[in-house]
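K.L.:
The structure follows.
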Amino acid sequence: MADQLTDDQIAEFKEAFSLFDKDGDGCITTKELGTVMRSLGQNPTEAELQDMINEVDADGNGTIDFPEFLNLMARKMKDTDSEEELKEAFRVFDKDQNGFISAAELRHVMTNLGEKLTDEEVDEMIREADVDGDGQINYDEFVKVMMAK
């Protein structure tokens, strides 16, 4: 499954994996998964976290290692983001629910994920997605970026 990913995608997923893998031991635990999900405004129960881990935990050791994570991501990409998942993701970023993601909102979510970005990096991310040039990202622009990944 993961063999259909490009080198760029694998590098991106490696970066995402390290955001989850807080202690850097090469495995994601339910605790680490919970921390990241809560920082994104979700509130999963312990049982839900365990289910998520079990879904991809091929060797049954109770944690997700990078190859298992890659398989999960490859599967998720094949299902391509459903409209509902995209709306949910947009809502996570759009803190004030005004229909736009501002640079401040983008910075806030990325910082919660442990990703310290410079103002230039945040501005660059906005510029890449901001088709109409109004300095923020609307839902249509967000969908385009997410589908292009």
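For all residues, glycine too, the Cβ spot is worked out from N, Cα and C.
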K.L.:
For the Ca(2+) 3 site that Swiss-Prot assigns to Asp94, Asp96, Asn98, which of Glu85, Glu105 is also named?
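P.N.:
It is Glu105, as the record lists it for that site.
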K.L.:
Does DSSP put Cys27 (Ca(2+) 1 binding site) in a helix, in a strand, or in coil?
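P.N.:
Assignment for Cys27 (Ca(2+) 1 binding site) reads strand.
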K.L.:
Within a 10 Å radius of its Cβ, which of these binding-site residues (Glu32, Asp59) has the fewest neighbouring Cβ atoms?
P.N.:
Asp59
K.L.:
If we count other C-beta atoms within 10 Å, could you say which of the binding-site residues Asn61, Thr63 has the fewest?
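P.N.:
Selected from the binding-site residues Asn61, Thr63 on minimum Cβ neighbours within 10 Å: Asn61.
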